[in-house]
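TrEMBL lists 69-147, 273-351 with the feature domain 'YdbS-like PH'. The region 'Disordered' feature in TrEMBL is assigned to 170-192. Among the features that TrEMBL reports, transmembrane segment is placed at 12-37, 49-70, 201-222, 242-264.
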Amino acid sequence: MKKSDRATGRRLHPVSVFFFIAKSIMDLLYPLIALILSTVFRGEAKPLWVAGGILLFLAVTVFIGLLTWLRFTYTIDGGVLHVEHGLFIRKKLSVPRDRMQSFDTAAGLLHQVFGVVKLQIETAGGTKPEVVLNAISRQEADYVRKALYPSHAKHAADMESPVTESAVPLPHGAASAPAAQNGFANETPDGPTKRMRLSDIVLYSATSGRVVIAIAVIGAAYTQLDNWLEDTVLWNNVLSRFAHVRLGWLIAAVFVFAWVLGVITTTIKEFGFTVSLSQDKLVIERGLLERRHASINLKRVQAVYMKINPVRSLLGLASIHLVTAVSTDKGGTPSLLIPIVKRSEAGQILEMLLPGYRLSSDLHRLTRR
């Protein structure tokens with residue numbers, strides 16, 4: 001690295017200012033809403049004061065976002081990533097290469113518009129990313145990866161030569177991996193690939209049980225807004241229109257709405273799900289609005305299991321999950337390997353993506369004791 005880089009540090013892409021502003025808004029939004037609502041309900045609010053307060057709030061968040069970007073720098077020196085950040089209290093973080101476990105990238109809508117990605121670096125023993133560079137160019141992400149993980153640089157050089165098709169027999173829906181897509185060219189898969197069709201993703205979403213979560217969210221929102229809704233004319237008109245409808249039909253309508261909402265959100269999250277074997281890593285890409293790219297070292301895989309709920313059991317389907325030493329998912333939950341698959345094909349897919357893993361058919365039920 002150049003001496004100037006070590007002295008001044010490298011900055012994030014200027015578009016990261018928007019992400020810092022958004023974070024500042026989210027941090028201050030709830031106190032602002034509480035203040036405005038309490039003032040409005042007491043009848044003490046004047047439109048001019050409210051508008052002025054909102055403009056002042058936006059100006060403060062823009063200033064904080066810009067200053068946060070200016071104060072955030074990172075350098076790479078001797079295989080160690082140094083990060084300095086903080087508005088008033090300067091925080092310094094040094095992460096050596098030996099502690100790094102994974103380099104994951106993601107690209108939301110704003111990232112895709114400006115041609116940048118978010119780089120997340122996880123370390124051993126952590127349950128969340130140790131370092132997050134929320135907006136850097138794809139070339140910069142590739143540079144950071146290669147500087148901290150030289151094996152990636154060697155692998156990228158090897159991939160410049162033509163790649164022959166894999167000799168591994170691929171089941172339905174799998175194919176040899178093409179060149180990296182969506183800008184994630186820093187970790188090109190060179191092994192077999194399993195791509196989920198849109199119909200498979202929709203089927204996974206429809207049978208995932210997310211409807212329970214959606215109902216819980218709707219119920220929580222209603223309990224929080226119930227008192228406020230009762231005082232609104234629109235809500236009273238809605239209740240009067242549906243007063244003649246039986247309670248059972250209303251419950252069924254809420255259930256269907258929650259189920260459709262769960263299907264849509266899960267489909268958006270898992271859209272274009274692709275898993276590939278690349279050297280000693282599993283490379284997973286997914287997401288419509290935010291395209292995520294994650295890698296899992298095969299040495300970190302501790303167990304593989306299938307999740308079968310009653311609906312999938314009737315259809316002969318299952319989802320395959322991994323248990324890793326340091327999970328790549330938020331909150332330490334297992335990683336999703338295959339969203340939906342026929343149970344008869346699960347063993348073949350595991351042998352393709354996880355060499356050495358075999359799905360045992362010799363299973364025994366627990367005794368009644």
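Using the three backbone atoms N, Cα and C, a Cβ is placed for every residue, glycine included.
Mean predicted confidence for the domain 'YdbS-like PH' (69-147): the pLDDT average there is 88. With a threshold of 8 Å between CB atoms, the same-chain residues lying at least 6 positions outside the transmembrane segment (12-37) that come near it are 45, 50, 53, 57, 60-62, 64-66, 68-69, 72, 110-111, 114, 116, 133-137, 140. The helix, strand and coil residue counts that DSSP assigns across the domain 'YdbS-like PH' (69-147) are 22 helix, 40 strand, 17 coil. Residue counts for the domain 'YdbS-like PH' (273-351) under DSSP, split into helix (H, G, I), strand (E, B) and coil, are 21 helix, 41 strand, 17 coil.
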